[in-house]
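As written in TrEMBL, here are the features:
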| type | residues | note |
| --- | --- | --- |
| DOMAIN | 1-39 | domain 'Fibronectin type-III' |
| DOMAIN | 45-144 | domain 'Fibronectin type-III' |
| DOMAIN | 147-244 | domain 'Fibronectin type-III' |
| DOMAIN | 233-331 | domain 'Ig-like' |
| DOMAIN | 465-524 | domain 'Ig-like' |
Amino acid sequence: FVVSGLKTGETYVFRVQAINELGLSDESQESAPLTVRAALTTPSAPYDIALLNCDGRSMVLNWKKPLQSGGAEIKEYYADKRRSGTSMWREIHIPPVTERLYKVEGLTEGAVYQFHVYAANLAGLGPASKHSDDFKCEAWTMPEPGPAYDLTFCEVRDNSLVVEWQKPVYAGSEPITGYHVEYAKKGTSDWKTANEKTVSHRFLKVTGLEVGTCYLFRVRAVNAAGVGMASMPSDPVTAKAVEGSQEVSCTVDEKSGDIVLSFESCQMNEGSRFIWKKNYKEITDFSKGVEIKTEGSQSKLIFKNADKEDAGTYSVSVARTNGVSSSYTISTEELEKMLALSYDIRHPIIPLKSELAYKILERGRMRFWLQAEEISSKVTYKFFANNKELSGADPNKMGHDVSTGIIEFIMDHFTEENEGTFTCQITDGGGKAQSSLVLIGDAFKAALAEADFQRREYIRVKEGPHFSEFLSLHVGDDCSVTLVCKVANLKKESEFHWYKDDTEIIPDVKPDLSSGVCKLPIKE
């Protein structure tokens, strides 16, 4: 059944019911969605056949693709030749060629030839192009370069545009060192040079154009011998921005730290696709963490692992639109700032209220501690001494307090071997922090002395007999002299020994173990 009245570009689904004398059946299952497309036609003719090189036996030709594709992709080209002044065309190649650059072999040196080209798509073979100019089969020997070819345009704005081209097939006697771009208003021959200084790359942004004015462009290559032949003039292009066109934006994703170039197309048609380029060469290598993500009319170029080599001009164009395109230049300076921001996002720093410090506890134990602004219950941390990780196992201790943000490490025995740098490294989710404390020289000696004193005091006070009153001299009313001290934590087996100049003295008075008082009377 032929369904009429459908609109081109609209998508439809269909279903069917059967009917007999008793009535209608149930509906069938729906069809898959079908988009109505215009009927295919053959493409229009190619045009502007150009000669790019000749060696006296062959010629390299180029031509422009048809202005109308016929609704399908152009797959093939056919070319014919004839001697100038004759009417008989002869096929050049079987099978057809797929590129618009072809080397015609088997020509006669000194003969003059004409060529025409056909394009073909799924609907068939289109009409022949207008025949080329007369091309004489003479070897090119000039020292200057031959013509560039395939001029294309993007980023057309009211006062500027970007022109791209392909390098000449014939380089001349010396390597090509640069290019000049020339332009003229349509209908005039007043060609102006857009860049007085040559560019080494094959693209140029031409500025200073008049809005709404139509221009033609051509390109000349340059080598040490001089300026080469001009390319065939481009198709006319009008300096006028596409209505609703937008520009590429560049940001650093706040969550992932990825560098992202984004573009929103103001036009989308069937078959439209985004083409991203770096320095106007299509990006095809995605091995370094570059991704392209497209949803609807928006496309993003994402750098997962950006580095300094990623500076450059990035452009995007949208196929099957009226020239929708834009670009963004990432300078070395901007890239450095974005890389730093990306690093900070991917490696956030946990803010600290206080840096790593120490406090000497009883028994001479050393407490290293710091305080973070905030930590979670999933926080992890490590302590290091002179780059060697410290163990939190007994007798050392390590811990944290989520409510206060304090993280600590208690070293049970602080000795001369511990002189150096102490470091604490913290990880909490994606955040990290590090703080160090240097204990060397006088600072270390002071800490060690204090630790030793506290260790001795603990032993003296907490762990056995110790002097609660140190040795003192008492003179009685009768002029008697007695040395007196008092000792705590005495045991039954405790013994006292008196010495004078390292010679032991045995006193007449025994110590009072119950009170801990011990006396040494000194006679006369």
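Start at 1 and count along the chain as shown; that gives each residue its number.
Cβ coordinates come from backbone N, Cα and C, glycine included.
Counted with DSSP, the domain 'Fibronectin type-III' (45-144) comes out as 0 helix, 43 strand, 57 coil.
Here the domain 'Fibronectin type-III' (1-39) has, by DSSP, the following mix of helix, strand and coil residues: 0 helix, 8 strand, 31 coil. Helix, strand and coil counts from DSSP across the domain 'Ig-like' (233-331) read 3 helix, 44 strand, 52 coil.
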